[in-house]
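Engineer: Structure incoming, see below.
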Amino acid sequence: MEVDSSPMTPTEYMEEDRSPVPDSNAMDVSEVDENENDDIASVAALIDQLKHEDVQLRVNACHKLTVIASALGPERARDELIPFLDDSIDDEDEVLLVLAEELPNLSPFLGGSEYISRLLVPLENLAAIEDATVRDKAVESLRKIASQMDDNQRNNDFAPLVKRLAQGEWFTSRASAAGLFAVCYTTFDAQKQEEWRNMFAQLVHDETPMVRRSTAKALETLAGVVSDEHLDNFILPLFNELASDDQDSVRLLTIEILIAIAKRLDAQKNRDTLLEPLKSLARDKAWRVRYMVASKFVEVCDAIGEDIVRAELVQTFVDLLKDNEGEVRTAAAGEVPGFAKFADKQTILESFLPCIRELVEDGNQHVRAALALHISGLSPILGKEDTIEHLLPLFLQLLKDEFPDVRLNVIANLEQINKVIGIDLLSQSLLPAITELAEDRQWRVRLAIIEYIPLLASPLGVEFFDDKLLNLCMSWLGDAVYSIREAATINLKKLTQVFGAEWAKDTVITQIIKMADNENYLYRMTTIFTLTTMTDALSPSIIKDYVLPTVIGLSEDPIPNIRFNVAKALETLTPSLKNDASTSDLIESTVVPSLQKLTNDKDGDVRFFASRALLDGKLEGSFVYVV
């Protein structure tokens, strides 16, 4: 569609019917320059897209509502644009979601804060539609607008809106209303606050579970803004009702309310009012409720108080670790280190460790994986001796687990154990397991082991490392998985930085150079990658005597991939050669001639990378780049 340049007003565009057929010539939103908002044709095109047949065009146009509003001016934005958007509420959900998100951004374009209430009308309608995602976004936008209102607007405009939603016929509007009570509660007088609390209590008793779910989510926020008096005689009774709701989807949300309430009460009040509901939720017949308690247990303990935890909740946590549902045990296993901080060492050894030993052999692989990820957090709490005696055998057992994620999680957290027992003991204890895992059938496990090797290098010393682990490190260069070969090259660079360039020359470089003669081209490719990666850790003399001749020698390789990687390697080597007086002359005598020769290669990729190396390195010499 060609946009008519005649002065047709945006209102006329709004009044047109939506185009029945998508027009391939319609101006895309991305083509509209926001710096030309005074161009009526551009604005008309945007408005046309608001009612276009193509959903994506309507979505894009909604993202540009501020552009349209700015061009129309405050009066037309209030009187024409917002009513037009309100009439578009029957659109596709993805359009409405963007609309709900963008409407608050129109507030600066309405002519002043006194007109901000105009935005409430379309958002009220969006808050009552069926799609939950759109409703949630509309509620979020309503809260933003309410925070910008003055007290008069909140009383005269926002409060009636919330009341209409709370008393709506459809549950969707009542569910949305629940999320709006806390935003303005503190700005109301005592009478208005009482009315607000009564309306919210009615929603808590709503017959629709979706509405009660919304109130359970909203009660957490409301608990943070009511007075101490109303926390005791209003919030707590509602919490108890929701915690005993017949729907587990409602009960599982009450743990967040409990945390919010506990943060405001003293220890004795928490013991008197929240301890039993917490234990009841932890024993709930629905596993999803118990799962929520287990996953939030440390947060609950932080809020409820250390003394109550030690006296009353140790057995509750142990019961969660022994729960008959794997999901609950998984969540509880993740809370072990955090909860252990509330218990003394004796309690950990007598109550937790027996459970942990059972979890190490749990039939659910996800439970073992969660335990493997978090069990190392007990090391700082138990100290060196108890870690060696009680935890180290469990680590070794988990390292031999048949499920790869379990092994990976142990390896990922070895550093925390290292800080407690020391690398010497850790390496001696785990070296057999590490050697075995280095050949694990899962490449991600092998990758994790490679990344851990440099940490072992310095404590083990050169002799021990060369004897036990060097051959292992070299074998990874021939791995069938590229990610392993790549990690192996980085590993050798890090080892060179630890043991020194001379060590690399005597033990590593010679073995890498031998790979350049291998019949398998992947070995020759790996030779280039490895030498290039290690360059920064090598001395100029080693680069001159070993690295450069090997790379140059591969420039005659029959495989094009090898030859263009030679060009890339020479490009990488050039800065190192330039920076040292003993090697700078090699650029003109060796590097440039080799690259010039490659620029005449029969393979286009080889010519490209050789030419790029000459240009990027600003190397002397002329060449002809043949396409």
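Note: Cβ is positioned from N, Cα and C throughout, glycine not excepted.
Please treat TrEMBL annotations as automatic predictions, because they have not gone through curation.
Copying in the features that TrEMBL gives for the protein in this structure:
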- 1-28: region 'Disordered' (REGION)
- 196-234: repeat 'HEAT' (REPEAT)
- 235-273: repeat 'HEAT' (REPEAT)
- 274-312: repeat 'HEAT' (REPEAT)
- 313-351: repeat 'HEAT' (REPEAT)
- 352-390: repeat 'HEAT' (REPEAT)
- 391-429: repeat 'HEAT' (REPEAT)
- 430-468: repeat 'HEAT' (REPEAT)
- 547-585: repeat 'HEAT' (REPEAT)
Engineer: Work out, from DSSP, the number of helix, strand and coil residues along the repeat 'HEAT' (235-273).
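Structural biologist: Result for the repeat 'HEAT' (235-273), in helix, strand, coil order: 29 helix, 0 strand, 10 coil.
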Engineer: Report, as numbers and ranges, every residue of the chain located at least six residues beyond the repeat 'HEAT' (235-273) whose Cβ falls under 8 Å of a Cβ in that stretch; write 'none' if there are none.
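Structural biologist: Same-chain residues near the repeat 'HEAT' (235-273) but 6 or more away: 200-201, 204-205, 209, 212-213, 215-217, 219-224, 226, 228, 280-281, 284-286, 288-289, 291-293, 296, 299-300, 303-305, 307-308, 312.
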Engineer: Under DSSP, the repeat 'HEAT' (274-312) has how many residues in helix, strand and coil?
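Structural biologist: For the repeat 'HEAT' (274-312), the helix, strand and coil counts are 32 helix, 0 strand, 7 coil.
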Engineer: Could you give the residue numbers and ranges of same-chain residues that sit at least 6 residues beyond the repeat 'HEAT' (430-468) on either side and whose C-beta is under 8 angstroms from one of its C-beta atoms?
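Structural biologist: 395-396, 399-400, 404, 407-408, 411-412, 414-415, 418, 422-424, 475-476, 479, 481, 483-484, 487-488, 491, 494-495, 498-499, 503, 507.
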Engineer: Under the DSSP assignment, what numbers of helix, strand and coil residues are found in the repeat 'HEAT' (313-351)?
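Structural biologist: Looking at the repeat 'HEAT' (313-351) with DSSP, the answer is 30 helix, 0 strand, 9 coil.
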